[in-house]
2 protein chains.
Amino acid sequence: MPSIRSQTYEERSVKHKNAAAKALLQTMARKSTNLCLSIDVTSKESLLRITDAVGPSICLLKTHIDIVEDFDQDLIERLQKLAQVHDFLIFEDRKFADIGNTVTHQYGSGPFKIASWAHITNAHVIPGPGIIAGLARVGVPLGRGLLLLAEMSGAGTLARGEYTQESLRMARTSRKSEAEKDFVVGFIAMGRIEEGGSQNQEDADEDFLILTPGVGLDVKGDALGQQYRTPDQVILESGCDVIIVGRGIYASNDVAEMQRQAERYKAAGWNAYLERIGRKT
Amino acid sequence: MPSIRSQTYEERSVKHKNAAAKALLQTMARKSTNLCLSIDVTSKESLLRITDAVGPSICLLKTHIDIVEDFDQDLIERLQKLAQVHDFLIFEDRKFADIGNTVTHQYGSGPFKIASWAHITNAHVIPGPGIIAGLARVGVPLGRGLLLLAEMSGAGTLARGEYTQESLRMARTSRKSEAEKDFVVGFIAMGRIEEGGSQNQEDADEDFLILTPGVGLDVKGDALGQQYRTPDQVILESGCDVIIVGRGIYASNDVAEMQRQAERYKAAGWNAYLERIGRKT
């Protein structure tokens, strides 16, 4: 079996059993994009305006729904409509981080009802495997996918080394659980954390999506410790699957400029991918 | 200087410079309670009903505001009123876990505006020190207090050992920062994590509040990995300051029974504290 790095998104979509992961890989192949827009704005109008502008360039929209001042159900419905029109999936970057019983409520209930509209969400492994069990109760029946935070992009993060390996072990254990099977679809990480180390025979056909934040073409960092790498470093060198880009795309308020930046990141990410799979023209 | 374990809550309240920590310690001394009610219900009416019933027995109410289906501004106002009437503080158990720029928005903005009403909140240290900086921007001007999650109560948690020590180092570094000074008031932990180890001379007068979840008098655990200890184990043996109790108090829907359970936990926690400071009658 060729390594994940040399397989196409399309080939991988055929094998993935999780509905959200399969749809994401299909979308990436269909639209020729591995770009995820990270949208951190606090007004509904701004969120919808940027999403509508950039939607054609992305495979995935990453939201922080809890920072939107005028959140309401109408926002969700319009986001879902934009996702259909522009053909992308939605990833709520909730970073669940509580015990199982609590995250069950946080994922399925409350004003946001994240599980009802977000194809993908993510969780820290710090509380232990109960967090996956708690989220799986809600997400599995809906065909949702979960990413574990194995690494982070901020300065001084503790998500490294043994912690990262522990998140990998937790993902593999979850894959073997009947109730959680296929729910963990990958990681937030800076590289292919599953490569090397002790891979069992039964893990040989595993396929984890690696989504990577902290991607920028023009800047190196911000005042609160965020650090940036280029799409080439992330997709080609580190073998990740999706680049997550935020302020680099919508820093300007001008729609044409946003679209230009989105297309620039889309092209950079896709060219790095083509080179990785040996199809660079 | 006598160890924190042998000082009274009142003595400690005098020295604490953070407004929220000072108020909490004063409330504990005034009401003779180290009981925090953890309320995990999904309806506004139920949240207010339980809080009104149990309010007289507690020093602190711990909320998960994002699981309340019919959340609105009226809920916040009524909670604040109950906090005044029954004399307790509010702790939103948000478990922030993102990079600095994101948590700034999550803490101060969005539908919940947590910083505007929660005296205390908490954060994971996994993203690195930028998370404290991001929260401090919002919380310091309001006199709010932050707890770092140094340990957790679920089975298989990764918050242990070196991770716990790293959270302690981060808290101590933050105390020395001009912008964050006094903002980190303590930890969510299973014991006095600052005891032993290498304590610098300059740390000798530090006073961290230790709030401890997973406290129960009747049960040992749940299906999702939560584990329980008694108030004696937590306050007397482990030297923690506040016991966090949830379903053990409001499992019954009957107001009189909730009040009976709350008084039972209050007495158990307070007796353990009196014995610890050598004042058991």
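Positions of Cβ are set from backbone N, Cα and C atoms, glycine also.
Copied over from TrEMBL:
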| type | residues | note |
| --- | --- | --- |
| ACT_SITE | B:Asp93 | active site, for OMPdecase activity |
| ACT_SITE | B:Lys95 | active site, for OMPdecase activity |
| ACT_SITE | B:Asp98 | active site, for OMPdecase activity |
| BINDING | B:Asp40, B:Lys62, B:Ser153, B:Gln226, B:Gly246, B:Arg247 | substrate binding site |
| DOMAIN | B:34-262 | domain 'Orotidine 5'-phosphate decarboxylase' |
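Sequence features, as recorded in TrEMBL, placed on the structure.
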residue	record	DSSP class
B:Asp40	substrate binding site	coil
B:Lys62	substrate binding site	strand
B:Asp93	active site, for OMPdecase activity	strand
B:Asp98	active site, for OMPdecase activity	coil
B:Ser153	substrate binding site	coil
B:Gly246	substrate binding site	coil
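Counting only the Cα atoms, the space from B:Lys95 (active site, for OMPdecase activity) to B:Gly246 (substrate binding site) is about 17 angstrom. You'll find the Cα of B:Asp40 (substrate binding site) roughly 23 Å from the Cα of B:Asp98 (active site, for OMPdecase activity).
Using a cut-off of under 8 A between C-beta atoms, the recorded positions B:Lys95, B:Gly246, B:Arg247 that neighbour chain A are B:Lys95. Look at the recorded positions B:Lys62, B:Lys95, B:Arg247 and count other Cβ atoms within 10 Å of each Cβ; B:Arg247 has the fewest. It is B:Asp40, among the recorded positions B:Asp40, B:Asp93, B:Asp98, B:Ser153, whose Cβ has the fewest other Cβ atoms within 10 Å in the structure shown.
Computed over the domain 'Orotidine 5'-phosphate decarboxylase' (B:34-262), the whole-number mean pLDDT of the model equals 94. Sequence-distant neighbours of B:Gly246 (substrate binding site): residues of the same chain at least 6 apart with a C-beta under 8 Å from its C-beta are B:Leu37, B:Ser38, B:Ile39, B:Asp40, B:Lys62.
Note: the Cα of B:Asp98 (active site, for OMPdecase activity) and the Cα of B:Arg247 (substrate binding site) are spaced 28 Å from each other.
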